[in-house]
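Q: Right, I'll just put the structure down here and ask away after.
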2 protein chains.
Amino acid sequence: MSVTAAQGFRAAGIAAGIKKSGRTDLALVVNDGPRSEAAGVFTRNKVKAAPVLWSQQVLTTGALRAVVLNSGGANACTGPQGFQTAHATAERVAEVLGCGAVEVAACSTGLIGEQLPRETLLSGAEKAAGGLAATPEAGAAVAAAIMTTDTVPKQAQVIDPAGWTVGGTAKGAGMISPSMATMLGVITTDAVVDQPMLDAALREAVRYSFDRLDIDGSMSTNDTVLVLSSGASGVRADPAVFTAALTRVCRDLAEQMQADAEGVTKRITVRVTGAASEDDAVTVARTIARDALVKTAMFGSDPNWGRVAAAAGYADAALDPERLDVTINGVLLCKGAVVAGDRAACDLSGKDVMIEVELGLSGGADGHTAEIRTTDLSHAYVEENSAYSS
Amino acid sequence: MSVTAAQGFRAAGIAAGIKKSGRTDLALVVNDGPRSEAAGVFTRNKVKAAPVLWSQQVLTTGALRAVVLNSGGANACTGPQGFQTAHATAERVAEVLGCGAVEVAACSTGLIGEQLPRETLLSGAEKAAGGLAATPEAGAAVAAAIMTTDTVPKQAQVIDPAGWTVGGTAKGAGMISPSMATMLGVITTDAVVDQPMLDAALREAVRYSFDRLDIDGSMSTNDTVLVLSSGASGVRADPAVFTAALTRVCRDLAEQMQADAEGVTKRITVRVTGAASEDDAVTVARTIARDALVKTAMFGSDPNWGRVAAAAGYADAALDPERLDVTINGVLLCKGAVVAGDRAACDLSGKDVMIEVELGLSGGADGHTAEIRTTDLSHAYVEENSAYSS
């Protein structure tokens, strides 16, 4: 599993002392090659954390030897001092590994607006570099060290019969929205892939996984997903097969993030069909998934389809009320924007909710559909996000 | 106060029997003239309630004799049967008043997706028409009869020294967002105003009042604000003075709606200055006001400015992080997107919170600013919106 599933990678996750709790808070993933293609997708937030600025810069080369990650602080809104901290950390890792700082990406997660303790980070990075291993335990230690309000580590892998593997880990529990989550993700592969293909595959995979997860509509300053390829399997991957495998790993991680989102009591899938375009399908699904009244109704196990219809109606997308159908957990409740089935027949007592919205503007082979995954809005979400700074 | 403050208006609010609780649920406002100019602003939701469709149609004439309103059911997503109910209610009111149905607007509020009891509504309308009065008590009865989850009635008035009055009432507690609220509002005036001027004044007033209130980002199927002019004062109002008075009444009502919003423990004002345009200022302010993480932080009295900066950063507006300042309750916490002041100095223990965001992209006489009013996201909000259908 995780970042050490593919050949050619070593990893470590340690307690550097950033978190006052003493829990592990620093991770290192190293690509031993022979190849070093890499690609990344970053937050679209205009306020970007220092490690995002650093990693975007180094990734212009399309190659990485290592990624250093920390929890316990986002290193966002920290100015030049924060950028120097990210730079110095990458430099320290590079020194120990014998490569250039430009081959080392950095990721941070935690509270915005506080400086990271630079010396703690530097000595932690050195310690992690001294404890690298290619074992599943080392991969699991990375998954644990990047957790913030996550309650469980998240790992996934796909082994292709052709002889290559894709594995990865991610964290993310709140502030999860358009263009990914407050999420960090590191994915590794030993398939032989050229950099432009790796980049294209990652964009496609993120588009249909992390980008389709929307917990609370908030977009983080730190979102980062990186993919590193060692080529150690010696097997060249078919682009379509590789993209599908990478997408599966990303979707698996996104589903784990959904299940572990802050305060979740319901896992909700909003599926929109018959939209005028795929963008419209995503917009309508996302608008419903973000609607506070829909989310609180789901928390109350209330099949309040009127709130779903209202949210669809204010989405910035083509919609004809006379063709709007709403089905919740298999029960058609609204046909042509008019009350249809019996609310009482709709059972929302379980943990999974499927909201299906048919727009009736396309269909068959030309039908435009999209699914957005979200969660309910519960007392626990409010508690977790109000009781302390995060 | 309220809809009977201006001369030429009579009103009634009664218990028609729509609400099972026996509380008042039907209101009638009648314009006795001599003039009958009217204007309306309606929800931009593509899924519109039957009374919205009806009222938009009758208002194409620019004149109204009466408005009939009910709580206890939105008459939304009710199809042709629901539209016939709205039509029949207007017709019954018109019969009693001796005018045409086309001179009677209708407004409804309550649960989406259930048919209103037509006969109950018709006999209620008749009963209300029989009990019309021009007293303050009659105006207050209208304010009470349109309440849903509101805990207090909302009324406002402005008396102009020139001899005319603007008065009104509104309801709205949740589902309050872009393009007004799940709100109904009826405003009356005895100023002499031509219809195009009345229409322009209402649009301007709504733009700077109800449209700048955003409780939960949800846009209702039923939002309606109507203004009726009797001209009974005989005094022709100056357009600018009239627009200012109407705006004051609307802002007063919007502030009452904010204070009474579902589950509110904090009244939050987000003020954005120095934006590249007024639209940008509104977009940034609205994005911050809608951010679930900002709202939960405020509920927790936590001056978590990092969440404010992050929300500003993902707003669809021009932003340069190096010019982004965040001030909360007078304490500058973030300068140029970098930590500045001391969180501990920022006192959020009171009920009012002012979040100021300077974008530094315009200034002085050419500065673009906007204020959005919102509330925190509390346990009570979750409770009120999950415990029962509304």
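Note: Cβ is positioned from N, Cα and C throughout, glycine not excepted.
What TrEMBL lists as active site, nucleophile is B:Thr182. Look at TrEMBL and you will find B:Thr148, B:Lys171, B:Thr182, B:Glu262, B:Asn385, B:Ser390 tagged as substrate binding site.
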Q: Translate the DSSP assignment of B:Glu262 (substrate binding site) into the three-state scheme.
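A: DSSP assigns B:Glu262 (substrate binding site) to coil.
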Q: Judged by the number of other CB atoms within 10 angstroms, which among B:Thr148, B:Asn385 is the least packed of the binding-site residues?
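A: With the binding-site residues B:Thr148, B:Asn385, fewest surrounding Cβ atoms within 10 Å: B:Thr148.
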Q: Taking each of B:Thr148, B:Lys171, B:Glu262, B:Asn385 in turn, which of these binding-site residues have a Cβ less than 8 Å away from a Cβ in chain A?
A: B:Asn385
Q: For B:Glu262 (substrate binding site), list the number of other Cβ atoms lying within 10 Å of its Cβ atom.
A: 27
